[in-house]
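Take a look at the structure below.
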Ligand code: SF4
């Protein structure tokens, strides 16, 4: 039985208790939010060493890190290293988006090693297997897709992205709304190409009940992907994006009524002034289901720094109610991220999540900032390192900038404002 079905029956699960303790809430409050669909706890019954996390309204903002091989860069050890680094940097979930090598093997290794929820996009594996076999993605057999979904669910995948909003109804009007960057979602573009070539409906939309049966069996949380998300600032919040979102809203309700936990994915590329509208519209259309945003990136012009453009967008989106931020690394739009890129990406989005937690009035976030301010005032460097988002980097920088032998730091030296005021005997607030 899924967390949602248990919550609806009034049962408080072990997972709900863990989430409640981490969030400073009562288990009953978490149960009610899971029952209403406002919170999900992605926790596949077969993911053995999982430390469950809650995602949704009223909880701390969570961050996801994407991992995975590609056809061009396929080193399993690197992906496992990225997993370790991502978790150490504070990732609350990871997605295995591998498309190169033995996909079952790499996914099983990631699930085995991961204490945080693991997500996938099963269509990637089905497409990769089809491409290997026939050299032609349009020959993808829907039966293979469902076989991959069942395989991944049985392995312990906690959440799956499915592009169920891309259907023949939308296909009919696709060309009526021209875009600068057309379709940038891999899942969205694969689905469109397959439907057009085969003259058939999206199998995940057509057989949604079959998908829900598998999810209910293993308690896989569905993440309804935005296959038509805008891939550029010029395309943000256009008709296609909103049409798809309306369809996803319908499917959210349907899935929840079938006892399946569900969240919804959002854009993409969005200028700052449209973020609030995007989040509020999604929450309204999708019954306040958890909102999982990809960044969003607030400008298109910063390849090499897209972890920063995503952190700016992520902070705003989370402040207005987004619950789950998918990280973006400095390598976005340029190549498969390295281990270092993964660390940079997670930390950038953790800062965004924390900034939003502060603005949303989270007590724990406020206390951490308060303690950091006190440590700064006292020039207590060890305490500052303990509280820092990346203690190792902060310590290393202090040493490298020639501050380790002085009480203040090399920025102002003897003219340190903190030191001067401390010597004056001022009182802390
Ligand atoms: S030296 Fe300047 S920058 Fe460094 S701690 Fe003191 S006031 Fe802050």
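All positions are counted from 1 along the displayed chain.
Keep in mind that glycine also has a Cβ here, set from the backbone N, Cα and C atoms.
Annotation note: residue 227 (substrate binding site) sits in a coil segment as assigned by DSSP. Among the features that TrEMBL reports, substrate binding site is placed at 66, 95, 124, 163, 185, 186, 187, 226, 227, 228, 229, 265, 292.
The feature Zn(2+) binding site is assigned by TrEMBL to 269, 333. Residue 269 (Zn(2+) binding site) is surrounded by 25 other CB atoms, counting those within 10 A of its CB over all protein chains shown.
Sequence-distant neighbours of residue 409 ([4Fe-4S] cluster binding site) (same chain, 6+ residues apart, CB-CB distance under 8 A): 398, 401, 403, 416. What TrEMBL records for 409, 412, 416 is [4Fe-4S] cluster binding site.
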Find the one among the binding-site residues 66, 185, 187 whose C-alpha lies closest to that of residue 412 ([4Fe-4S] cluster binding site).
66
Entry from the binding-site residues list 229, 333 having the most other CB atoms no farther than 10 A
229
Can you tell me how many other Cβ atoms are located within 10 Å of the Cβ belonging to residue 292 (substrate binding site)?
27
Between the Cα atoms of residue 124 (substrate binding site) and residue 333 (Zn(2+) binding site), find the distance and write it as a whole number of Å.
18
Taking Cα-Cα distance, which of the binding-site residues 66, 185, 187, 227 are within 10 Å of residue 269 (Zn(2+) binding site)?
none
Which one, from the binding-site residues 412, 416, has the smallest tally of other C-beta atoms lying within 10 Å of its C-beta?
412
